[in-house]
Amino acid sequence: MHQVIELKGVAKRYDSAGAAPVLGPLTLRVAKGEALAVTGPSGSGKSTLLNLVAGLDKPTEGAVTVAGRRIDQLSEHALAKFRREHIGMAFQFFNLLDDLTVTDNIQLPAQLTGTSRRKAAARAGELMEMLGIQKHARAYPGRLSGGERQRVAVARALVNRPALLLADEPTGALDTVSGHDVRNLLMELHRAGQTIVLVTHDLSLAEACASRSIHLVDGHVALDSYAQAVR
Amino acid sequence: MILFGTAAMGRVVRSGLGRRRVQTAVIAVATMMAVASAVVAGSLMVAAAAPFDHAFGKQQGAHITAQFDPAKAGAAQLAETGKLAGVTASAGPYPSTAFRPVDQGGFQLPTLTLVGRSGPDGDVDRVDLKSGRWAQKPGEIVLDASFEGPAIGIGAGLKASHTANAPTLSVVGFAVSASKTADSWATPAQVDALASEDSPSTVQMLYRFDSASTKERILADRKKLAASVGSGALLGTQSWLDTKRAADQGAAATVPFVMAFGMLGILMSVIIVSSVISGAVGTSLRRIGILKAIGFTPREVVRAYMAQALIPAGAGIALGVVLGNLLAVPLLADTEAVYGTVSLSVAWWVDVTVPVAALVIVGLAALIPALRAGRLRTVEAIAVGRSPRTGRGQWAHRAMGMLPLPRPVTYGLATPFTHPVRTLAMLLAVAFGTVAATFAVGLTSSLTAVGTSQDPEGRAAVTVTTTKLNNVAPPPPPPAGGSAAKPSPAGGSVASPSELKVADPAKVRSAITSQAGTSSYYGKAQTEVAVAGASGSVQASLYDGDSRSGGYEMISGHWITGTGQVVVPTRFLERTSTKVGDKVRVTYEKETANLRIVGESFDTSGSQLEIHMDMANFASAEPSTFLVEVKTGLSADEYAQKVGAVIRPLGGDATTNAPSGQEGVILIMSAMAVLLTLMLVSVAGLGVLNSVVLDTRERIHDLGVCKAIGMSPRQTMSLVLSSVTAIGVMGGLIGVPAGYALHSLVMPVMGRAVGTTMPSPVLDVYEPVQLLLLGLGGVVIAVLGALIPAGWAAGARTATALRTE
């Protein structure tokens, strides 16, 4: 099976060389179309893992390969280029740009790749329709509900048709109803074949959306549902 | 830190200063620059007035120095003039004459006014004896202190003229008259003995009036004097206002532009300080909320934020005072030269007033945002610090998003609209920086034009003289109020004819015309003439041939084109109450000509009046110098050698003209302008830096988001830089016309300070391309100021930026 993510002996230390790593050493593979949920208590290394996969951070040791490319050795410029072409990200607090309209927020990653405004607008329209937010196209994020904002964030993450969608606590800042909406959205995306890595505290969300889950404790995989299934 | 309150507050202030190192440095540098400019401007203003006024007051200087014809006004009648209404004191009558002595080296000094006085004291003009003693018997002379030097000292002998039987006078002292009533003094009997048919004895009277502060009052007082004696008895007068202006002009010319820079500096520091503190408050809302939550009173918060402005400002002000004193030294030294031994330094009260005023201004600038910090409600401050931004500038993002430019650029272009006040501060900083640069470019161009226009002889490639160049006397001491005359072949006094071989001008002319490389030439002689209506001798340049290439810049009228014409400086018109078009009667040796004033020359060469005429007006005049232009492509050195080889055996000489060096004052002013501009432009750049740092810090989370979704470091950099580009363009569009206007305003004021108006070549110095480049200078200031924070934003770690609140 084609691997979208491949981590080999990856470890991350923030302190001096002798200190214990906050993550790993860790070896992990995520196949195309797989939805991996990463769970674990605070400080277990979930966000660090996500940052390493997104190329926002570099491992202290080991190799990170995403979409067939080893990203831990790329320059900042190459990483940015790689990210906008292959990775989409949705965050707990949405991280939408308040100054831009919904459409402009969604179009932004496409425009950064040099896609024409017409094409970017067409793709944004398509996603807004798919996610049911087209009526907010000209609105600013500050006027939307949490669920709607997260839909906008997901639309933005998908605008460049990334190989991988990373979602960091996507329902963490939402009320129950909105959280349910987002859960359904992720399930739909997974069904459509989108590879997803979902970091969450919410075990029910992990269970509903993910085809596989790993549980991190102190930077190590304490439980891997895939491994269990294989056994 | 206890000064500002408790130790806890000291810690808060220290941490605030430490967290905003860039802004702290910006406040310090901005105030330093403003204070330095203000100290220089203040010192020069004091220097421009104080020494003369002090010396004039101490000596009971003469408001009017009057020369009377002794044949038409007797001693008793003159003594009665001292009792006229308005006259508060008078002195005289003193016999007076003019003579041109020759020193022991054979060099002839300029024509000196000699006054016979039995002592230096009196009710008016108490002459200050600087060295030696007063003349007590015939054969002794006291000279103006400006003549004292290696060539002439106490005990030196001066021949009264270059004639063989002229008496020799012994120099017994050197003295200074603030009113410049004479160049030399002797006993009355000696003056009478030296008077001749060519230089008859006149009588000098000195007056002080109860009202003599304006030109109009002086004219009215003069009328009173003229009316009190018979017609034609009053030969001429000298006003103390002219003497004061001549004495002050070195520093006075500098004051307007230094003041302009000082004002710019103060305005910029006010903008920057208020912007920095507003920014500090704006970006620290949460911090302010927390401070209040843990028990800081509103007053303590105000004090904490005031301290964060006043501490760096205090350091900047202290440094500014030191820098200002250092910068003032060369300019004051130039002024000091005018007063001989009068010592000039920065007035103590300038060193006190300027920093105190700066501290008050900075304090007020910081007070408003600090009060805002103090008034913020605790809950509100914490909440505002965390909530999403308001919708300011969203329309701009929408509008800019439609531009056919890369998205990071359009995003950056819209950014300034998010913080209109901060943007305005940045815009003003860039505009003021551009104003300073535009003004300085114009000022230095104008000063260069002034320097060039004051050395018309320097434009010729080769100077050919009828005497050997090494026979030219060293420059005479500086005339009152003016700079030293240049040692010029045409201008110097030469050894007496008995000792000197002079080439026949006709042969020199023939040698020049027969040279193949001669393109054009004109002859020139410098001499003294008498002009009816002008007291004392008048310097004259007589031109032989087409002298247009060596002409002065004209303020009005035109350069001489033939006989019957004379070109005069502004001061001549003022002193003789004439105008262009009037006729004047000029006497050169025994010849007299009635000449029409055809032009007003631009001449800043001190108090001397120099007029320009065609040599053909006076049959006996002959050129002593020829100024030659050589044909294109020919070496001036080679030409000078060839002509020199022909005329040296005749007694003449030839030399190339070195590019004209600028006068000291002009050089100092240009250097000051460049220095002050660099400081202002740096401060403008720092102002931009401060604003962009604030902006970038505030937006670091958004930038992190952009980077997370794929914005490359280069795109991030272009986003930040484009956010200041429009401000740079606007700043340039505002700053260039404002700088242009400032130049148009200040140059005429500087001209008036030295007693002239400015001709268009000195005022119209800007080229369209230059203005365009200066406009782009606004963009350069803005981009350079934003470069560091842009680099910081581009290099910031995305994960860290995303975690930033």
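For all residues, glycine too, the Cβ spot is worked out from N, Cα and C.
According to TrEMBL, the transmembrane segment annotation covers B:25-50 (among others).
The domain 'ABC3 transporter permease C-terminal' feature in TrEMBL is assigned to B:260-375 (among others).
What TrEMBL lists as transmembrane segment is B:261-283 (among others).
The transmembrane segment annotation in TrEMBL covers B:304-326 (among others). Remote same-chain partners of the transmembrane segment (B:304-326), defined as residues 6 or more beyond its termini with a Cβ less than 8 Å from a stretch Cβ, comprise 1, 4-5, 9, 12-13, 16-17, 20, 24-25, 27-40, 43, 273, 276-277, 280-281, 291, 296, 346, 351, 354-355, 358-359, 362-363, 365-367, 369-370, 373-374.
If you look up TrEMBL, you'll see B:346-368 (among others) marked as transmembrane segment.
Taken from TrEMBL, the feature transmembrane segment covers B:424-443 (among others). Sequence-distant contacts of the transmembrane segment (B:424-443), counting only residues of its own chain at least 6 positions beyond either end whose CB sits under 8 Å from a CB of the stretch, comprise 257, 260-261, 264, 267-268, 271-272, 274-275, 278, 416, 669-670, 673-674, 676-677, 680-681, 683-685, 687-688, 691-692, 724, 727-728, 730-732, 734-736, 738-740, 742-743, 746-747, 765-766, 770-771, 774-775, 777-778, 781-782, 785.
Sequence annotations record features per position, and here TrEMBL assigns region 'Disordered' to B:469-502.
Positions annotated as compositional bias 'Low complexity' by TrEMBL: B:481-498.
Residues 22, 25-26, 29-30, 33, 36-37, 40, 250, 253-254, 257-258, 261, 264-265, 268-269, 271-272, 275, 327, 330-331, 334, 425-426, 429-430, 432-434, 436-437, 439-440, 443-444, 447-448, 450-451, 483, 724, 727, 781-782, 784-786, 788-789 of the same chain lie 6+ residues outside the transmembrane segment (B:665-689) yet bring a C-beta within less than 8 angstroms of a C-beta in it. Among the features that TrEMBL reports, transmembrane segment is placed at B:665-689 (among others).
Broken down by DSSP into helix, strand and coil, the domain 'ABC3 transporter permease C-terminal' (B:676-790) contains 101 helix, 0 strand, 14 coil. Feature annotation from TrEMBL assigns domain 'ABC3 transporter permease C-terminal' to B:676-790 (among others).
Under the heading transmembrane segment, TrEMBL lists B:719-742 (among others). Same-chain residues lying 6 or more positions outside the transmembrane segment (B:719-742) and placing a CB less than 8 Å from one of its CB atoms are 260, 408-413, 415-416, 423, 426-439, 441-442, 688, 692, 695-696, 703, 706, 711, 766, 771, 774-783, 785-787, 789-790, 793-794.
Annotation source TrEMBL lists transmembrane segment at B:771-794 (among others). Within the chain, the transmembrane segment (B:771-794) has long-range Cβ neighbours (under 8 A, six or more residues past its boundaries) at 426, 430-431, 433-434, 437-438, 441, 681, 684-689, 692-693, 695-696, 700, 703, 713-714, 716-717, 719-721, 723-725, 727-733, 735-736, 739-740.
Residue counts for the domain 'ABC3 transporter permease C-terminal' (B:260-375) by DSSP state, with H, G and I taken as helix and E and B as strand, are 101 helix, 0 strand, 15 coil.
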